[in-house]
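Enquirer: Following this message is one structure expressed as structure tokens.
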Amino acid sequence: MLNIYDYTLEELKRRLHPPFRAKQLYHWLYHRYEEEFEKMHNLSKEIRQKLTQDYSATLTKVVREEVSEDGSRKYLFQTHDGLTYEAVLLKMKEKKEDEEGRIVEGEKYTICVSSQVGCKVGCSFCFTAKGGFVRNLSAGEIVYQIVALKRLNALAPEKRVNIVYMGMGEPLDNFENLIQAIRILSELDGLSISTKRQTISTSGIAPKIEKLGALDLGVQLAISLHAVDDELRTRLIPMNKAYNIASIIEAVRRFPIDSRKRVMFEYLVIKGVNDDEKSAKTLLKLLNGIKSKVNLIYFNPHEGSEFERPLESKMVAFQKYLTDRGLLCTIRESKGIDISAACGQLREKIIKEENCGNR
């Protein structure tokens, strides 16, 4: 059985005849969020039968939802082969102008999606790394995270959302399926999520950053840097042995960036590890000449971790050092702490519950 969400509109046009039926199917999948082919009444009976026979829109399903006090929602998905992965919906307030020029408060949504079941990178601070790598998600398994979260939260197809490939897994390690998912999500007759609203967060596979840049898709780039010297970064991210800081920075310098955008450098701040002024000074020098923004992230403690959450005063001082010298720097607002929103934590929680139940 084939996953219907694996295909672009053009690919479905080649599979369905006449081709205009593919556009109708896309409307049902991505505008009506319909998963049962038999309910797609403007498709012929013959096409509905073919779709039911050869394809499925329900190979992946949501098996758990947790809601945070701050409005964040975390979902656990289960694949056809019994594997689980996660996605998170973040709801934030924003101020914008209405048609009469008045400033009004609204809401914006960001969906944090997974690209793999588990991860190969093995970051020492990451909860997902504890479970190792299982397999890549297909393009359809990536796409379905957005479809499901929009449907479950009654978000209209035209409601703009931002997508960050920052959940379980290293997106650039699943390159072909990632690119296919981006193309499906940005399809004008589908969800129509502009590539400018899609951010790929990578631990820094330098050759894949170059390859992504060569495609010039218009996506945004975020680098999980977390350290400013190779010795510490290798301790935190073992993959740094293969792709050191210099190679990553060089690849970023060649990456095509929209004139109104910046490369995001994510910096997970860990108490007593990388929260000092010397690190801030080195980071400033490292990013010199790059149109960039630094996003400071509080380390989110989890069971068994050797690291601790930094002091707020240290975060503020780090930010001030950078901003005082002209580097745009923000402190990420913590979301979903009460529901263990860090990637991999809900999956691990469910596995533990199941193991306890089987004793």
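Residue positions begin at 1 at the first shown residue.
Here the Cβ of each residue, glycine as well, is placed from N, Cα and C on the backbone.
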Enquirer: Quick check: of Ser192, Ser194, Ser201, Ser279, which does Swiss-Prot put in the same S-adenosyl-L-methionine site as Gly169, Glu170, Ser224, Leu225, His226, Asn300?
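Expert: Swiss-Prot names Ser201 for this S-adenosyl-L-methionine site.
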Enquirer: How many other Cβ atoms are found within 10 Å of the Cβ atom of Cys123 ([4Fe-4S] cluster binding site), counting all protein chains shown?
Expert: 19
Enquirer: Taking Cys123 ([4Fe-4S] cluster binding site) as the reference, which of Glu86, Cys112, Glu170, Asn300 (the recorded positions) have a CA within 10 A of its CA?
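Expert: So the list is empty; none.
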Enquirer: Can you give me the Cα-Cα distance between Ser224 (S-adenosyl-L-methionine binding site) and Cys126 ([4Fe-4S] cluster binding site) in Å, rounded to a whole number?
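Expert: About 12 Å separates the two Cα atoms.
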Enquirer: Of the recorded positions Glu86, Cys112, Cys119, Cys126, which one sits closest to Gly169 (S-adenosyl-L-methionine binding site) when you measure Cα to Cα?
Expert: Cys119
Enquirer: Between the Cα atoms of Cys126 ([4Fe-4S] cluster binding site) and Leu225 (S-adenosyl-L-methionine binding site), find the distance and write it as a whole number of Å.
Expert: 14
